[in-house]
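Here's what Swiss-Prot has on this protein:
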| type | residues | note |
| --- | --- | --- |
| BINDING | Gly143, Glu144, Ser145, Gly146, Ala147, Gly148, Lys149, Thr150 | ATP binding site |
| MOD_RES | Ser371 | phosphoserine |
| DOMAIN | 733-753 | domain 'IQ 1' |
| DOMAIN | 787-980 | domain 'TH1' |
| COMPBIAS | 963-974 | compositional bias 'Polar residues' |
| COMPBIAS | 1023-1058 | compositional bias 'Pro residues' |
| COMPBIAS | 1059-1078 | compositional bias 'Low complexity' |
| COMPBIAS | 1079-1088 | compositional bias 'Pro residues' |
| COMPBIAS | 1157-1167 | compositional bias 'Pro residues' |
| COMPBIAS | 1168-1186 | compositional bias 'Low complexity' |
| COMPBIAS | 1238-1252 | compositional bias 'Low complexity' |
Amino acid sequence: MGHSRRPAGGEKKSRGFGRSKAAADVGDGRQAGKPQVKKAVFESTKKKEIGVSDLTLLSKISNEAINDNLKLRFEHDEIYTYIGHVLVSVNPFRDLGIYTDRVLESYRGKNRLEVPPHVFAVAESAYYNMKSYKDNQCVIISGESGAGKTEAAKRIMQYIASVSGGSDSSIQQTKDMVLATNPLLESFGNAKTLRNNNSSRFGKYLELEFNTNGEPVGANITNYLLEKSRVVGQITNERNFHIFYQFTKAAPQKYRDMFGIQQPQSYLYTSRSKCYDVPGVDDAAEFRDTINAMGVIGMTEAEQDEVFRMLAAILWIGNIQFAEDDSGNAAITDQSVVDFVAYLLEVDAAQVNKALTIRLMETARGGRRGSVYEVPLNTVQALAVRDALSKAIYFNLFDWIVGRVNSSLTARGSVANSIGILDIYGFEIFEKNSFEQLCINYVNEKLQQIFIQLTLKAEQDEYAREQIQWTPIKYFDNKVVCSLIEDKRPPGVFAALNDACATAHADSGAADNTFVGRLNFLGQNPNFESRQGQFIVKHYAGDVSYAVEGMTDKNKDQLLKDLLNLAGSSSNQFVHTLFPNQVNQDDKRRPPTASDKIKASANDLVATLMKAQPSYIRTIKPNDNKAPREYNQGNVLHQIKYLGLQENVRIRRAGFAYRQTFDKFVERFYLLSPKTSYAGDYTWTGDEESGARQILKDTSIPAEEYQMGITKVFVKTPETLFALETMRDRYWHNMAIRIQRAWRNYLRYRIECAIRIQRFWRRMTGGLEFIKLRDQGHQVLQGKKERRRMSLLGSRRFLGDYVGVGNKGGPGEMIHNGAGINGSENILFSCRGEVLISKFGRSSKPAPRIFVLLTTQTNRHVYIVAQTLVNNQLQIASERTIPIGAIKSVSTSNLKDDWFSLVVGGQEPDPLMNCVFKTEFFTHLTNALRGQLNLKIADHIEYNKKPGKLATVKVVKDPGASNVDSYKSSTIHTSAGEPPSSVSKPTPRPKQVAARPVTKGKLLRPGGPGGGPSKLASRPAPARQPMPQPTPQPAAVQPPPAPRPAVSPAAQPRPVPQPVAAVAAAQHTRNASSSSTRAPPPPPPATPPAAQRKPMAKVLYDFNSDQSNELSIRAGDLVQIVSKEGNGWWLCMNTTTSVQGWTPEAYLEEQVAASPKPAPPPPPPAAPRASPVPATNGAAAAVAAKAKAKPAPPAPPAKRPNMAGRKVAPAPPAAPRDSAVSMNSHDSSGGSGRGTPNSASNASLAGGLAEALKARQHAMQGHHDEDDEW
């Protein structure tokens, strides 16, 4: 229910999964529940409100203000208004289009605060409360005749049938049967009156039964107060029950032939009021709906035939006419009508004559049966007997139909809860009111009493009982009126009526006079007045005057034994079903009167309603003319007063909207507090009251929004309750989101892992084709040509199209188009180079060109493309195009130069070309010729300088030549190259980098496969134990100083990746002294025992290997020995890069750790060859000089250790690393335990100097040791 007068701050909040609750304001500026951010989109899409949709928001509470608001909304087609949970409905007398499926769906799963007032909202609330709280519900619809009670009941049934779910066929069948009861019971129980074209002339309480899933499994209907007198007579402009007009107008020919059915004008019971039609109602179509409804509820064709046989009998009984005979007694005027009635009832015609014209009288004496006399009836008495028979047949037939419907609607499963819908005709005040109006108004008084007890009195009584502070409201309790009618002591109206019937039962007039005398005893009651032949009862709806005449006869409600005997003599089994009771001729007890029956029925109804949680719909009739847009303020104001709407508004404004026992409240909302629940389980150990307090505290409900009673918690506004419901729904919604997030995280993690595997695989295998092509180039040269050092790099790949001639866009496309190369051709090779150009009278000189090699099925050429400037414009054109098949040979030298010639032998000179990627060109050309390339490698280059004139170009090795070849006078000067047998070096290992997280954001794994951060990332420095300041070491021993990053857990809680060099620098810094010039301190105290040093080895010879499990080392390096094998191989680790691998034992010399001495002498000046670790290029040069004097290193053992038995740390893969595991470590305790040893533990004075002396000694004696080994 959106309010246009909501104070600033009142917001709306949508609930998850279909239900929403609004956090609207309480009304004094406070906001119920937790404040929410206003959503402008919601406000902008809301329909503009007319007046106020809840009367509790009226600024002035009065009957006139309520009337004005209802009128304003009625004029704008807004017929529904709230009073808290009570719905006020004004009958529009026309179709507003507000009951369509689209409108129904808009109310599904919504609370009343977020949708406009509607009967669908009441139905949704009742259904939701039944499912959520497992309480039986009932909807009490009250109001006067013609106010729209029946329509409201039908819409509630429509909504519940639509939203109650259930795809099972039996459940759907139950829904269909429940909906089918409407047209069926309306046909037999509704009629046109002066005030209403479809007035319910009976009371109906429909109880829908549901299983634990909220699916309808059955229903039960209880009917009250059928107005059977309407069967035999109606006032002008009213009609009999609808079924008579439907049957007479639209009966099929079968029934017309069997039962003699004619038009309604032919029957007394349907023509007495001279009203045969209802505006806007098609009786024929309604009859088809009735027949269809009979089929839906399972009524067989035989049963339908019997029902219509009884209807025909009633119509024909009404046509029996009487006249006085010579004795003044009643005589039937047309025997043929009696004979047809006898045919329909399947009895003897003579028995019908006797039952209608003669009454059996029995005399008794001394308690014994006496004589039986046949007393003739006069015409008035005969007509009364005739009408009594018709009324009895129709009344019993209606009860049979209701019972038949209940039989079909019997629950087909266990019943958990129910929703009841009460539709009973409302308060009636006519010009002449009789016994029927008294009964109707009495039942409405009982319903009003329920409303007072459940909404007003019970409200205040509960507040007092629970010791809740609130302002009491005065109200009118109509219990005194109910007591006036139903009490026995002192006797009420019904008791006086029964006494008059028992005292003067023979004469109706005498009985009526006796009744008037009994009423005089009620004159002292302030709600009763007795007048001549009438009495007035002051009902809650107004004063009603009742006529005494005929009340006693109507109260007797006794079918003569003659008529019961007639029914008992029928050979029709259905008639026996309608009149099952056998006549007990000896029973002298007074049968129950009509007032006794209606009193018992009303009390049973009240007891049923009191067992359920009620919802109220108060219907209002805007005018007596059934006009669509007419609003009679006087009539509506009267209804507002007797419905007690003003008191209802006042009590609602002063009370609490929701109350619940502590245990049920905690059971419903314990999920909202982390102290009362964990993972969906109830964890509170205290009592229910303390648990309820904790829930309200943790949900931030203001203290003024609730009160704690003795056994219940009271919530002031519905907005607060809806906020709790919203939070409860959001709890499950959030749990679902967590599961979804975890699942999406898993999928993302799986995809990320697959991508990384694919990326690694592409990185490992994507360049294999280029590497294979490069290795093929070595075979093409046949080991006859020296190689350039850059050509043997491990990172060299034969990529082919270096200029990008085959690409779209860029300079390559310009060359492609300028040279006239077809776009569909396959570019094998393109590169920039030079061609030797000969000019007349001048020496030849190289000129830049672009070489393109392409092959297709139809075009296989070598293009030589020239770029020239013509008028300052770049011109690109193919200078020469050589078919690949025309190339007889390729001539090149055996030195490392880049010159070669394509020997064609045509009319043009052979091109002499200079290309840095010559080997790759030879390889592609070989493949294009399918291995038939004639490559000539000699000490010179041959080519046809002119057609038929073979020329040679010398290639000489010039030690003074630069790295760039030079051509002069048919001689090419080049420097020395790598040996012709050289092959490409292994692919270099990429630089080790920190691993990236496997996933991003707040997902499962923040780091590598282990879920932690990268070990290469910056970590807090380990706590250093206090130690004495070391003595300065020689510069030759100290590593170069490097800045050490200051890292602390508090300053950097998250590791930051750093380059390996930075990590290594930090390690070396810890190994060095902080100063080399500081004065020596006094002798230090005793130091703790030094940590055990890990075995180290010095590298004696260079060892290069392209195997992934072998470690390449350089002479003079120090490596850490991880393990030793007895087959000549040691597993070592490079202390700088933390890379492990196998190394020949003969290439290493294990270093013996010297024991620390207390005070070593200062070392002598360091000699150039005394450096312990050759860390600079200068030191490397010294080692190279020393290597010239040493013999060749020994060959590595032929057999390496079995790698399957030991896992060797692989070389770091290409950056970026996919794993968070790093072989580099800050200390020996981290990582895998094979990290670089931390020399900080040996940083004492004695240990440092001793290690320096030992290293210097080994360096000086290394040459002799090597000679001894070889």
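Yeah, the Cβs are placed from backbone N, Cα and C, and that goes for glycine too.
Everything Swiss-Prot records as a feature, shown here on the structure.
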| residue | record | CB count, 10 Å |
| --- | --- | --- |
| Gly143 | ATP binding site | 25 |
| Glu144 | ATP binding site | 23 |
| Ser145 | ATP binding site | 22 |
| Gly146 | ATP binding site | 24 |
| Ala147 | ATP binding site | 26 |
| Gly148 | ATP binding site | 25 |
| Lys149 | ATP binding site | 27 |
| Thr150 | ATP binding site | 25 |
| Ser371 | phosphoserine | 9 |
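Taking the centroid of the Cβ atoms of Gly143, Glu144, Ser145, Gly146, Ala147, Gly148, Lys149, Thr150 as the ATP site, the other same-chain residues with Cβ within 8 Å of it are Asn91, Asn196, Ser199, Tyr425, Gly426, Thr619, Lys621. Across the structure, Thr150 (ATP binding site) and Ser371 (phosphoserine) are spaced 53 Å apart at their Cα atoms. Through the fold, the compositional bias 'Polar residues' (963-974) approaches residues 836, 843-846, 893, 895-899, 914, 941, 951-957 of its own chain, all at least 6 residues removed from its boundaries and within a Cβ separation under 8 Å. Note on the domain 'TH1' (787-980): mean pLDDT across this stretch is 89.
Ser145 (ATP binding site) sits 50 Å from Ser371 (phosphoserine), taking the Cα positions as reference. Distance between Cα atoms for Lys149 (ATP binding site) and Ser371 (phosphoserine): 54 Å, as a whole number.
You'll find the Cα of Glu144 (ATP binding site) roughly 52 Å from the Cα of the residue listed as 'phosphoserine'. Taken through DSSP, the domain 'IQ 1' (733-753) splits into 21 helix, 0 strand, 0 coil.
On a Cα basis, Gly143 (ATP binding site) lies 53 Å away from the residue listed as 'phosphoserine'. DSSP places the residues of the compositional bias 'Polar residues' (963-974) in helix, strand and coil in these numbers: 0 helix, 7 strand, 5 coil. Classification of Lys149 (ATP binding site) by DSSP places it within a helix.
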